[in-house]
Amino acid sequence: MQFADIIIPLGVENFFTYSVPTEYEGTVAVGGLVVVSFVKNKRYTGVVYALHSNPPVGFETRPIERVIEEGFALSASHLKFLLWLSEYYMAPPGEVTRAALPVAMRLESYTSLCLAADWQEDGTGGVELSLMEREVIGVFRQNGEICMAEVEKLLRRKDVYVAVRSLLEQGIIQVKESVDDLFKPKLERLVRWARVFSGEELGKIIDSLKRAKAQQKMLCDWIMYCDEHHTDSLPKAEFTGVIGNSTAALKGLCERGVLEVATIEVSRLDSTGEEVQEMHALSGEQERALEQVRGHFKERDCVLLQGVTSSGKTEVYIHLIEETIRQGKQVLYLLPEIALTVQIVKRLRRVFGDRVGVYHSGMTDSARAEMWRRQNGENPYPVVLGVRSSIFLPYRNLGLVIIDEEHEASYKQKEPAPRYHGRDAAIMLGKMNGAKILLGSATPSFESYQNAMSGKYGFVELTTRFGEVMMPELMFVDVKEYRRKKMMKGSFTPVLYEEMKRVLERGMQVILFQNRRGYSTFLQCNHCGAILKCKHCDVSMTYYRFRNTLNCHYCGSLRPVPTVCEECGQGHYVNRTPGTERIEEEVKQYFPEARVARMDLEVMSNKVKFRALIEEFEAGNLDILIGTQMVSKGLDFERVKLVGVMDADSLVSFPDFRAEERAYDMLMQVSGRSGRKGEQGKVVIQVADRENRVYRLVEKGSFHGFYSFLSREREMFHYPPFSRLIQIELRHVNEYSLRNAANELARKLRERLERRVCGPAEPEVARVRKMYRIQVLIKAEQGLSLSKLKTFIRQKCDELLKGESGKGLKVYFDVDPL
Ligand SMILES: Nc1ncnc2c1ncn2[C@@H]1O[C@H](COP(=O)(O)OP(=O)(O)OP(=O)(O)O)[C@@H](O)[C@H]1O
Ligand SMILES: [Zn+2]
């Protein structure tokens, strides 16, 4: 008899052994997806970890219920990579699998399902439904939204999985937790010419429409549009927006056989159809850099490309991508945030057209599954552009991994586990696949820079901006002084105000950077000074003026603003520190003529809005863009001549050993948006703490100097890149039990690890979702075996969990925390 060890996509340790029914012997393979029933007969889609013939002792195995079609099996190397992630980041393999597979692929008993909104009785496209499928449809019709376990219960059968899956694939039912329907071909309504008309014919038709003015106008507009845009069709929604929204007129034209509304099937994966263009020729310096990168790749896997902002790193990448795919290999191009994909995808598609696939969390689940299946199939995209989760896609023949803006903290997955670093995981992915890895940044992370300086990575520099453009002029302005003299205009010093005026008068653009979101970060009582905090988390709530509510960024709870102070009952709440919204309001007051837009998480959550915003700004239809760190990096706008940093001190003042590195990066990056083409740009940095050493280091402008200066301290205090960190976080509803447990753990760990153990310490936010949190940090010097260390830590945590203080305790690991 054959047995299979299965990874269940849940946060449980271990593998689970199932028996392989004879009918499936030979079909079940390592890496394959199978359906099994787990605790309480709930069904899950698991991954086969190993096959063997050793019956487990002490319990009866249950059989694998079903093997999922091939298109979704993980390759051996893919599985190996996931297991490496699990091991390195101390996350159960199930948790890694959960992160790796799109929801649509790991259908499980709890997944909520319902009938597709637009499904109608005759919507099967002529496919005959099985009896079981019809029964399942019946259950959904009566019950609305239910999960698979309930379908099984209602039908009193255990074998509904096949039917459910088949209905899912036909788009008759859909997964509720995903926005879109699953595996269902996406349909789009298209307005187009009913047939080809000659100019003469059209003339006649227009004449004949004399008494149907609306139709005549619509037709004329349509003809003009088609001419201008070299097109002959338009999605219905756009047609309504661009040409006109008179349903009657459109209907009239259709009835006359001039236009038609067709329903066509489209892929969810954006495609362009745009014509591809030649790559830009590289400048002398870029050519030299490319040559050096190639040279290093002969000896090393990893190269760090440090290029000042607007030096054309992206152009160098493009040349490398071209070479790689010419050799028939794949490229993974990683970016830290979705925000940056908008512009880069355009630049890549201009050169590589439809050979570029995009993958990120903003896509619907079906689109992600479609992409997954495609990459696993015969005709995968040669180039994948995506955020950190793209490391989970299948790769056939990876030749190059590019990690752009490699210093970005947003590469790190924070919650939920696995808490992996996109950059580091991608490096490993590249190595496991024998690919070359290029890290790029204007302000490399200390970790990568240290690797470059020690010779572990190749190191290549671009020191000038493309096109002999000058680096921007930096102006530090002391806010305190202007406050004292009462010369501030709201949050603007006269210096920034005047510079803005000058730039706007010349028809150029301004970016204002404010490191916060919301109308103001917090509300404070004007009588007793109490700060309004979240009731569940130990953190101040953010005030959103436009809906007059408070929002907790940690647990997400919302509440209205109390009229009197909850502490003293006398004062009322006033805004402190201005956020992006408040800056926007002030800009409107001081620059009433200017066209202003705001870009922050709020706006970002809407993909369409966000893309439109970037396009508007690019096209020059906006004058001022106000934003949080999203505006600070990677974006490439020609006409920005001034960047204003509203409050630089807020960058420096975090209680974190990386705060200064981050502040430096941020200031360099945001400055990098100014004057990227043509004449030199300016940057006005408003500060109160003028003497801060970070500002002095920024002024000096030497990254190497900055690194040398700060890395001495890092080395002295055993911080990365001179050590590795592992953070253990404990959570409990009871603060007292938590403290006890944490002290006990720290004591146990100290027995062997001694001074490498720091804490327990309360994190900045000591309570989240009613759970108290406390952290113990382990510093591991170079040379210490990490895997032994992890085994030891895990062992001590297990002891703790099994003991008296383990009740109700939760333990989380974060390896290389940021
Ligand atoms: N060889 C080239 N030919 C034509 N245009 C170029 C060339 N190199 C760079 N550019 C243009 O200069 C601008 C800046 O280049 P790019 O965005 O690649 O810089 P970057 O180094 O990636 O900057 P950042 O670090 O700020 O993201 C872009 O608009 C790019 O199209
Ligand atoms: Zn909260």
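Using the three backbone atoms N, Cα and C, a Cβ is placed for every residue, glycine included.
What you see is a predicted model, and the numbers here were worked out from it, not measured in a lab.
Per TrEMBL, these features apply:
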| type | residues | note |
| --- | --- | --- |
| DOMAIN | 294-462 | domain 'Helicase ATP-binding' |
| BINDING | CYS525, CYS528, CYS565, CYS568 | Zn(2+) 1 binding site |
| BINDING | CYS534, CYS537, CYS552, CYS555 | Zn(2+) 2 binding site |
| DOMAIN | 560-717 | domain 'Helicase C-terminal' |
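Filtering CYS525, CYS534, CYS552, CYS565, CYS568 by Cβ distance to ligand 2 (under 6 A) retains the following binding-site residues: CYS534, CYS552.
Sequence-ordered, the extra residues of this chain that approach the Zn(2+) 1 site, with Cβ no more than 8 Å from the Cβ center of CYS525, CYS528, CYS565, CYS568, are ASN526, HIS527, GLY529, ALA530, VAL564, GLU566, GLU567, GLY569, GLN570, GLY571. Confidence in the domain 'Helicase C-terminal' (560-717), given as mean pLDDT, stands at 83. The binding-site residues in question are CYS534, CYS552, CYS565, CYS568, and the one with the fewest Cβ neighbours inside 10 Å is CYS568.
A strand conformation is recorded for CYS525 (Zn(2+) 1 binding site) in the three-state DSSP classification.
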